[in-house]
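Peer 1: What follows is a single structure, and I will ask about it in a moment.
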Amino acid sequence: MQNLQIGRPPPPSAAPSGPPPYLSGSVAPSVTVGSRPGPPPQTLPSRPQYQPPFTRPPPGIPNGPPSAGIPGPRFPSAASSMEPSPPAIPPQGSLPFPGSPPHGPPVNNISQPSVYPSQYSAAAAGVPMVPPSLVSGPPHSQPLMGGPLSQPYMSPPQMQQYTGPSQMQQQYTGPPQMQQQYTGPPQMQQQYTGPPQMQQQYTGPAHMQQYTGPPQMQQYPGPLQPPPISSGAPPFGSPPVWQQPRPGPGGFPMSSMVQAPPQMFGASPSSLTQRMPPVPPVMGNSPLAMAQPSTPSHVDPRQIPRPIPGSSVEFFETRQGNQANNPPSATSDFVVKDTGNCSPRLMRCTMNQVPCTGDLLSTSSMPLALMVQPLALPNPSEEPIQVVDFGESGPLRCSRCKGYINPFMKFVDQGRHFICNLCGFNNETPRDYFSNLGPDGRRRDADERPELCRGAVEFVATKEYMVRDPMPAVFFFLVDVSMNAIVTGATAAACSAISQCITDLPEGPRTMVGIATFDSAIHFYNLKRALQQPLMLVVPDIQDVYTPLHTDLIVPVAECRKHLEQLLESIPSMFESNKVVDSAFGSAIKAAFLAMKPTGGKLLVFQSVLPSIGTGSLSSRETEGRTNVSSGEKEAYKLLQPVDMTLKTMAIEFAEHQVCVDVFIITQAFVDIASVSVVPRTTGGQVYYYYPFSSLSDAAKLYNDLRWNISRPQGFEAVMRVRCSQGVQVQEYLGNFCKRIPTDIDLPGIDCDKSILVTFKHDDKFQEGTECAFQCALLYTTIYGQRRIRVSNLSLPCTSMLGNLFRAADIDTLFACLLRQAATGIQSSPLSQVREQIMNFCVNIFHSYRKFCASVSSTGQLILPESIKLLPLYTLALSKSIGLRNDALLDERSYWASHVPPLPIPLVVPWVYPRMISIHDLTLKGNNDSKLSSTLPLSAEHLSDNGIYLLENGEDCLFFIGNSVSTEILQQIFGVNSVDGIPTQFVLQQYDNTLSNALNDVVNEIRRQRSSFLRMRLCRKGDPSGMLFFSYMVEDKAPGGLSYVEFLVHIHRQIQTKME
Amino acid sequence: MDFSELEAAEGLRWPWNAWPSSRSDAAAIVVPLSVIYTPLMPLPDLPLLPYEPLSCSRCCATLNPYARVDYRSALWICPFCHDKNPFPRSHAGIADHNVPAELFPTHSTVEYLLPNKNPNPFTSPSSVLNSSFSSNTLFTSSTSSLIPLPVSAPPPMAVSAPTPAFVFVVDVCSPEEELRALKNEILHVVANLPENSLVGLVSFGSMVWVHDLGYTECSRVVLFSGDRELSSVKVQKLLGISHQRNPKQATSQPLQKQGFLLPVSECEFNFTTAVEELHNSSTALPGHRPLRATGVAISTSTALLEGCSPNFGGRIMVFTSGPATTGPGMVAETDHRKAIRTQRDIINGNAFLYRKAQNFYQKLAQKLLERSLVFDLFACSLDQVGAAEMRFPIETSGGLLILAESFESEQFKKCLRHIFKHEEADRLDMKFDATIELVTTKEVKICGALGPCLSLRNQNSLASEKEVGQGGTSSWKTSTLTSKTSIGFIFQVGGNLANEPGPVFFVQFKTRYRHGDGSIRLRATTASRRWVDRLRPLDVRTGFDQEAAATIMARVGVSRAEDYHARDVIRWLDKMLIRFTAKFGEYAPEHPSSFRLLPGFSLYPQFMYHLRRSQFIDILNYSPDETAFFRVALNREGVNGSLVMIQPALLRYGFDGPPSPALLDTSSVTPDVILLFDSYFHVVIHYGSKIAQWRKLGFDKDQRNENLWKLLEAAEMDAEELIEGRIPAPRLIRCDQHSSQARFMLARLNPSATQKTRHVDGSEVVFTDDVSLQDFLEHLQSLAVQG
């Protein structure tokens, strides 16, 4: 195992010097070569081998890298820099990765390379896990089995020796930039230190041992894992590795790092060592931080790359100096200034430089894809998107490709013509749009016209863009009142939520509402009655539904508010004694659809039980699934597919008539989300899932979800198309929508939380130095009935250097691709296969990087490009997520899969890699930001028995309460004296004390960040809820998967195998 | 004995009171052997016997005065089949001084009060009627599929007195004012219903709304799409009132929870609210008829009654103001440019919708009768509503077909209130679930029935192969009977009478029905008539009842008109009349002037003359709906009523004497008289021009002109009297001579003075091409004497 280059280039540090380099960036491709402990025995010959390997590989590999531009030189440079560079490195790293402090250490590596050789490029791109390399190779091999254990320990001390480097880091950190980025300078250091730890991590193989054998665990005292080594060894080839690492770490890795691959490794090791010592356990959280404390010799798991939340707001200009800027991490807090490219919230590409050729793209093994979130919420301090009215003529468009006018259209011929940046067509400028060009070749009025200077603008649509008058905002509520729904309180909760939400509906005659309930029949309500009593219209025939042809079913909200409230109040009691068990979901939505057909609108369905009757009725496949388990899991994935096409066909019809369906599943049983979710998926809606529903604790979330659903910025009857420069073409759209013609997607409803992934493929080549433009045009009707076209533009430079691609890769988007791929995958292939696929996705990328960009590094190192050094962690978390776990309930997995496609990019990572913070010590932390940013790695190791922890993924919020939490804290937070006193149906209360206030502040801040109310659940050790909590501890070894360190080792092996 | 006196005693009118005994002789007398039977005619001294009748074990005839009784051996010999039947133990004490009432010679009609074991006639085990029912293939087949037949466990409801159910089916496409009037009427009626009557409310426009009257939380209605035909079972299932198939659960489970049909006492508030909330909800485009799902509304109501009130009878009362335009039973397109079918379309076979709708309603009739449901149609509209299509179920179920122009009209209100007439304080005068069975001497075969009933098609030896009207059976069913409902039965005498029959033949009418008080009754009328002695053929003539004959001929003619063109029917009537007069007139061949008719026959040609001119036969001036309306009325009316319809009555009020009947002739129209014209459907008070003038000048208000005032008063009072109690209520028209409204009278007068005749000063002239009665008779004579 060699270096994991978990590249978290400490971009921040690098920043000062770094950024410029990038920009200038011939160098850009950051090749991080992390040398990892070599898994195979071959590597055993630790140092010697390493060195040779490095050299050797380069020859072979170099070819690749060179092309990438990253090649040899950098590495060497890096290597050399390693030692000296540390200072330089950090800055570099920091710069490029403003958002990702964790990278720190790798950065160092990178920066070093970059600085030295070709400047940052190489370095930045890949953050070699230098430390790992140290650990890796030789040592591992040697120690292989049990014996080694001791050695490893031994080695640690060496690490400590390295500590020296840590100082280096500190120095690095020293740079103000670093500090800024990393809220806490110290942390920075730690982080940086992290990287070195990375190496340790490699050493981590030690962990591997743990994995392999419990006994090994013991060996690793530091690591939480106690298990003995012995047993472990056999299962995993890794065990030997462990051993190797240990020794390695001790002498070899370190040395190797420094010496042999002085470039990357050297740096990192140094850093590692440095960090090692400094890194306090707590600090460990920081991604990079390795667990120095325990075993210096091993890779410290705490130093493996982990996301480090940025705690300060960053200001981001989308373009600087006529160059696209790499966007900050999606999860960080930033403020965008639109200087030509649209905000990364609106569009974000997997790589911020576009490969010139398809070959280059496929070589990189990365997908070229765009995450589009056309109505994404801006940061409040950002300039709002400007509305441009072209009057009668409508927005100016290219007459050939129909692309909309944008800042990248080039005006020529004194402004009389303009050249489309998408198709290259030379258009004539309309007379009334003519303007002279300035000396710089730009139109003189460019800065006054938003469409010529902003990446995102909104055009007022003319009649030409309407097939009919813009539709009113119609909200139709459909509530399940079958017996179970009533008994569980789902109906009451839904009614109360709707009732409270009515006030949040936009006022005005254009907002219309309607309501219906259903069990085995559908009940509509006449809302427009001067009379006292509501009128219920029952449609009993659910085989072939119809709708009361009554104009009073859907009425302007202003006219019926009172009736509606009264009705909602009485619905639960009206059906109080309902004995109907069946629920005709399919028929009900069909009937409601028929009522809405003339206008379209949003249909919000509150479903509580398995649709058992009527159109599209479903059977309890869960039980089928269970019985099938015995016969083999071969077909199990089919249960994640819709049962049949009935609902799909219906959904397409809905979409045609602009009806968007959101389904709130409020249940305590199986509902077959796989089938039900087809409807929202096709109509641009989404599924909400409350399982197991508790009327006590879930009502608030239901209300908040509903409120946000109807009050968030959104549009209706939308059509979206993404255009791009000639050279690439749209391959596929992924998300919740209906597609009827190949080029456009229909979105009956689109809101600020919905994203669409667009993948591209090359159909031609780009010239180096040109830019590839993407334009997303969304034609929609606002809630106030205006027809608008929102146009977002993103223009990225093209490159022919593979290294540049890696350097410019965007982990968030990349992972979003992977996540969607996995979500689709689990519906069509067995889980094991999907897990393998995502693993391959990961491995292929690193392999490509290793092969072509990390020329010099030794084969024994795992090298991770800095920009995507977190990919292994996320991949691991993904493979342990609900969707990919074997033990998850069918519905939970279906929900998981249905949740993914529209997931907005800031929520992608949390969805699989949740955020965990401790809350028992909240008052000790600084302000809110730092409270939130002091996240803990998802490992049980970081849980203390006397602590309370909060873990949230944007949807659920779990509170884990240790067994021996002090009464005082319990009293302050929960108002009870003992853990057992907390009710299972948990509701977070605010008590009058600082801790409780602080906790509520934190929770509210999370809610704000996630635009989600969060489902609060209480987890106690030792019962199922505790199991649930531990299932999120993705870095730990679990029955279903490897630990993080093991995983890294595993990846490294895979790469090794491929290399051969 | 006068024929009408006989009728008053028996409820029977025979065109021929003595029958020829051979088929050829019977054919020669032209007017068919037949009888007009009024099953529930109020009879004086009708004995009500609180036990089950004794029936002949072979022919099922009940014991009657014509039976020979052997007291010593306690046997009675059935006069029909001559079978010997022993008296059961209950009659042990029978002796010549101790005979049951049904053996009294004066009691040819008796009524039995049957023990109320089981209200369902289909399942009562021992009754005579039942045996005939069970052999009835038509009904058993369908009932077995629909009715749970709770043989093993009779519904608990049977314990309490069965209550009739009323479903009000309201068309909400009516204009708002109309609807208001209608709602008021309905509410009025419901307010006066006995407390335990079940009521339901169904409203319809483009969809059918079944109102849940038992739901207290809010107003609740169940909707059915107006364009889909659903089976009753399906509707019941959707309403949640389906019966359990499982015999164990065949109890009245569905009756417990449903709220669609509830006793008035339980749901009056909800019912009132629901009715008051009915509003015109039609959204018809200009130039289009509103969408009306009349057909589905009716079939849904049927299903509702079937489900909720299985066997106790009920009425489906449809109030509509326009044609059905959607779904089954649709009779017109919504587009006004496509006119609703006319007589001509129907004759020419261009009425596609007509045929379809007719089929739909014919099927409905079966269902209605299975459950003894009555279908009433109140069509208050200036347009047609499709009554012609709906006629069959209305007629066979004994329902009322009322055509009026508005729900505000008196006619409508009268009819509606008439239906809900109380017999006693808490009881409606309404008889449900009637079956009529005939037993005849074996030489007499039954051809069929003409009138409001449906053949049960229990083929047996009594049924003739020749079918007229509802034939092929000896028993009929109808859902309700009024005291006036009359049914004509047509007979045939057996082919060859090898052995001379006795001097008399017998016919026994057994009518089983549910009385307003819930009891099941059986009224048995046994009649005997003479066979005509071959040697004395004159007997035929003495037994001729020309009024009954005209009535029968009218019914036969109307029945033929369903299948043939009106012209052919008139031709047929003429032919029959010529044959008739040739047979019974006294004349010297080829000498028209020598032609004479016996007094008993003299009016018959005149009846026929008016019949062929009447709206029943000459339909081209009427819409199909009106024709249906007229014919339904004719088919249910007794002899007297029918005669008025055929030949209207005319009374003359003058200063020269008391009111007197006047000739139904234009010559009767003079300026100084008031005429009271009664054609059954219209009552016209016609003021001569002078009288009209006086009245206009206000002379009648002057005390000095008491005569005039009294004259006017007399006409009014007589008119009131005519209208009183007549259902469907006639339209009262007051008009002056020469006014447009006078046409209602003039059209029916004998056009003795037309534009072609010489104008006589002062007399009324009718513009028509019709021949006058005089011409007609002259013609008739000349044809009759030709042999």
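Backbone N, Cα and C atoms are what each Cβ position is placed from, and that goes for glycine too.
Quick paste from TrEMBL:
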| type | residues | note |
| --- | --- | --- |
| DOMAIN | B:53-89 | domain 'Zinc finger Sec23/Sec24-type' |
| DOMAIN | B:163-417 | domain 'Sec23/Sec24 trunk' |
| DOMAIN | B:432-532 | domain 'Sec23/Sec24 beta-sandwich' |
| DOMAIN | B:545-643 | domain 'Sec23/Sec24 helical' |
| DOMAIN | B:659-745 | domain 'Gelsolin-like' |
Peer 1: State the mean pLDDT for the domain 'Sec23/Sec24 helical' (B:545-643).
Peer 2: 91
Peer 1: Please determine whether the domain 'Gelsolin-like' (B:659-745) and the domain 'Zinc finger Sec23/Sec24-type' (B:53-89) are in contact (criterion: at least three Cβ-Cβ distances under 8 Å, sequence separation 6 or more).
Peer 2: no
Peer 1: In terms of Cβ proximity under 8 Å, which residues at least six beyond the ends of the domain 'Zinc finger Sec23/Sec24-type' (B:53-89) contact it?
Peer 2: 95-96, 99-100, 102-108, 112, 128, 131-132, 437, 439-442, 506, 508, 510, 522, 524, 526, 528
Peer 1: Counting by DSSP secondary structure, give me helix, strand and coil numbers for the domain 'Gelsolin-like' (B:659-745).
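Peer 2: Residue counts in helix, strand and coil order: 41 helix, 20 strand, 26 coil.
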Peer 1: Mind tallying the domain 'Zinc finger Sec23/Sec24-type' (B:53-89) by DSSP state, helix then strand then coil?
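Peer 2: Summed by class, the stretch gives 1 helix, 11 strand, 25 coil.
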Peer 1: How many helix, strand and coil residues does the domain 'Sec23/Sec24 helical' (B:545-643) contain under DSSP?
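Peer 2: Counting residues by DSSP class gives 66 helix, 9 strand, 24 coil.
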Peer 1: Let's see if you can do this one: DSSP helix, strand and coil counts over the domain 'Sec23/Sec24 beta-sandwich' (B:432-532), in that order.
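Peer 2: Helix (H, G, I), strand (E, B), coil: 0 helix, 58 strand, 43 coil.
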